[in-house]
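Next up is a structure, given as structure tokens.
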Amino acid sequence: MLHLAGQDSRTLARRAGISLEDARRITGAVIGRGAPLRDARNVRRSVLDEVDALATPGELRLLESVDAKDGFRKYLFELPDGLRVETVRIPLYDTHHVVCLSSQAGCALGCAFCATAKLGLDRSLRSWEMVSQLLAVRADSERPITGVVFMGQGEPFLNYDEVLAAAYALCDPAGARIDARRISISTAGVVPMIRRYTAEGHKFRLCISLNAAMPWKRRALMPVEQGFPLDELVEAIREHAALRGRVTLEYVMISGVNVGEEDAAALGRLLAGIPVRLNPIAVNDASGRYRPPDEDEWNAFRDALARELPGTPVVRRYSGGQDEHAACGMLASRRRGD
């Protein structure tokens, strides 16, 4: 896949100095159909030559794909420099798919419950490497792909410009044609970039990984709390909600750690008056250090949330793909059996 696959048609037109119409035709070929540049229709050869001269050859190599029992499919890709990343295809309603993309090879944030954190950070992905994950999964899918979540390996807001470039390439009507409202970008709470994202007015859904409402507890789970404290994060959430609408807060539930009555009460105090959606999800920890709550613990936590955050949507996310380590928090860039 060429470097230009990571650009939307307007960016391509500006950088290549070509007409927007030609850029749309090229985007339609490379991203819309997953075809080579030379297969762009109704574009003069001289224009293709100009664009080709700007493109950097490179491709993602599919090393392996494995199917979980519940229909999730995990892909292991090798990047041009030999690094590996994983991508997950998520089935929805037996009619379409959502794709979970990685934005970095590894991650530097060190969240205690996440397998990717144990890898450390090798590098950030380029926009075309993220778009190419989607194109490879699409080529392997009979059902349409109608949504994208930047929730795979890495911290998207520590690769801000490339992630936004990929998101705009994916929602380009000339390319992948994914509704921008169905593209979600998740962050562990990089406050300056949240504020920049809010100020710039992007149309994608913002998701923030919260996981605890007490600073000391969040710091133990997420070292990012040391650099971007909870009070600053909540102010950034409040600002975004006021200007751009409801924020989705992800909450990894860990038995005996963050699902007690006191945790629900702390969430109620922290989020009072802020329009948010809370998405709890059970922890997935292959190491066995952390356990998900059982049904009684979840039910008690849910009821406590209803009391402490009346009117706040609380939607429990399904934790799929566990048997093949395709679930949230389990991506470790390994082949099956490694």
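Note that Cβ sites are derived from N, Cα and C of the backbone, with glycine treated the same way.
Here's the feature list from Swiss-Prot:
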- E86: active site, proton acceptor (ACT_SITE)
- 93-322: domain 'Radical SAM core' (DOMAIN)
- C100-C328: disulfide bond (DISULFID)
- C107, C111, C114: [4Fe-4S] cluster binding site (BINDING)
- G154, E155, S186, S209, L210, N211: S-adenosyl-L-methionine binding site (BINDING)
- C328: active site, S-methylcysteine intermediate (ACT_SITE)
Rounded to an integer, what is the Cα-Cα distance in Å between C100 (disulfide bond) and the residue listed as 'active site, proton acceptor'?
9
When DSSP states are folded down to helix, strand and coil, where does C114 ([4Fe-4S] cluster binding site) land?
coil
Around the Cβ of E155 (S-adenosyl-L-methionine binding site), how many other Cβ atoms lie within 10 Å? Please give the count over every shown protein chain.
26
Calculate the per-residue pLDDT averaged over the domain 'Radical SAM core' (93-322) and state the result as an integer.
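Average per-residue pLDDT within the domain 'Radical SAM core' (93-322): 96.
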Quick one: which of these recorded positions, C107, C114, C328, have their CA within 10 A of E155 (S-adenosyl-L-methionine binding site)?
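If one measures from the Cα of E155 (S-adenosyl-L-methionine binding site), the recorded positions that come within 10 Å are C107.
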Among all chains shown, work out which of the binding-site residues S186, S209, N211 has the most CB atoms within 10 A of its CB.
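Of S186, S209, N211, the one with the most crowded Cβ is N211.
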Between the Cα atoms of N211 (S-adenosyl-L-methionine binding site) and C107 ([4Fe-4S] cluster binding site), find the distance and write it as a whole number of Å.
18
Out of E86, G154, S209, C328, give those recorded positions positioned within 10 angstroms of C107 ([4Fe-4S] cluster binding site), comparing C-alpha atoms, in sequence order.
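Cα filter at 10 Å returns G154.
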Sorry to bug you, but what's the C-alpha spacing from C114 ([4Fe-4S] cluster binding site) to G154 (S-adenosyl-L-methionine binding site), rounded to the closest Å?
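G154 (S-adenosyl-L-methionine binding site) and C114 ([4Fe-4S] cluster binding site) have their Cα atoms 11 Å apart.
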Between C328 (disulfide bond) and C114 ([4Fe-4S] cluster binding site), how far is it from one CA atom to the other, in Å?
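C328 (disulfide bond) to C114 ([4Fe-4S] cluster binding site), Cα-Cα distance: 8 Å.
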Mind computing the max CA-CA distance among G154, E155, S186, S209, L210, N211, which the record assigns to S-adenosyl-L-methionine binding, rounded to whole Å?
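17 Å is the greatest Cα spacing among the residues binding S-adenosyl-L-methionine.
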Other than its own, how many Cβ atoms are within 10 Å of the Cβ belonging to C107 ([4Fe-4S] cluster binding site)?
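C107 ([4Fe-4S] cluster binding site) is surrounded by 25 other Cβ atoms within 10 Å.
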Sort S209 (S-adenosyl-L-methionine binding site) into helix, strand or coil using the DSSP assignment.
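In the DSSP reduction, S209 (S-adenosyl-L-methionine binding site) maps to strand.
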What is the interatomic distance between the Cα atoms of E86 (active site, proton acceptor) and C111 ([4Fe-4S] cluster binding site), given in whole Å?
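Pair distance, Cα basis, whole Å: 18 Å.
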